[in-house]
Amino acid sequence: MLDKVKNVIVVLSGKGGVGKSTVSTQLSLALRKNGFKVGLLDIDLCGPSVPYLLGLEGRDIFQCDEGWVPVYTDEFQTLAVMSIGFLLKNREDPVIWRGPKKTMMIRQFLTDVRWDELDYLIIDTPPGTSDEHITVMECLKEVGCHGAIIVTTPQEVALDDVRKEITFCKKTGINILGIVENMSGFVCPHCTSCTNIFSSNGGVSLATYAQVPHLGTLPIDPRVGVLAGTTTSVLDELPDSTTAEVLTHLVEKLKTMLAS
């Protein structure tokens, strides 16, 4: 039930381990910080990490006449979250499903969740271009998807896989809003200087290759990692950090792009 959702954004990456779920959660929190009502849908069925990242493990979802009721992070219901992680008894329980069952679950997430009125729905996806992605794109064609944010790290091995994701978006007709380069440089926890421990500017070159906007470059910041397991936004806890600056600019760019 996405008829009350104004903007649907899919967060993608062809490579695992690039911090896509962290980007999704912190982007959702940043949008909430800016006064928007936000939904976060985690469709990584085999590796759901959003409940852990937001400290919501152990919370239950319920059914009402209108469908599943998502988990809310606060009493004001400004951030709604849905994940298969809420349906598992233990975090260690594996989801061993074949494609058709995964497809059915994702369709349920997209059609049977009572999101109410949302300014943004952020959909965090698993890496790759598998059944899950095809199902999401097919379902979103019926209700409309406003675009995809693609997350990469600067290393060439990640860029190769992310190029495939760009091709996937073009073939399925999904508009690419832009590319976020994550884990670019390491922020010293003592002096906060940033050192490039890997290659750099991979996201910039990828954006140039795909002819899409470069939405920002996020470093590895141990102070941000400490926020895992909470609903605290980087914008609140570390307002002067590079991560907060990039997320602030990202929110402004999204507002501009989706308003036009």
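Note that Cβ sites are derived from N, Cα and C of the backbone, with glycine treated the same way.
Quick look at what Swiss-Prot annotates:
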BINDING   G14, K15, G16, G17, V18, G19, K20, S21  ATP binding site
BINDING   C188, C191  [4Fe-4S] cluster binding site
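Feature map: Swiss-Prot annotations on the structure.
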residue: G14; record: ATP binding site; contacts (Cβ under 8 Å, 6+ apart): P127, G128, T129, D161, V162, R163, K164, E165, F168
residue: K15; record: ATP binding site; contacts (Cβ under 8 Å, 6+ apart): P127, T152, T153, V157, A158, D161, V162
residue: G16; record: ATP binding site; contacts (Cβ under 8 Å, 6+ apart): P126, P127, G128
residue: G17; record: ATP binding site; contacts (Cβ under 8 Å, 6+ apart): P127
residue: V18; record: ATP binding site; contacts (Cβ under 8 Å, 6+ apart): P127, V151, T152, T153, A158, N182, M183
residue: G19; record: ATP binding site; contacts (Cβ under 8 Å, 6+ apart): V151, T153, N182, M183, L218
residue: K20; record: ATP binding site; contacts (Cβ under 8 Å, 6+ apart): V11, L12, S13, D124, T125, P127, V151, N182
residue: S21; record: ATP binding site; contacts (Cβ under 8 Å, 6+ apart): D42, D44, S49, V50, L53, D124
residue: C188; record: [4Fe-4S] cluster binding site; contacts (Cβ under 8 Å, 6+ apart): C194, T195
residue: C191; record: [4Fe-4S] cluster binding site; contacts (Cβ under 8 Å, 6+ apart): none
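Listed in chain order, the residues near the ATP site other than G14, K15, G16, G17, V18, G19, K20, S21 are S13, P127, V151, T153, A158, N182, each with its Cβ within 8 Å of the site Cβ centroid.
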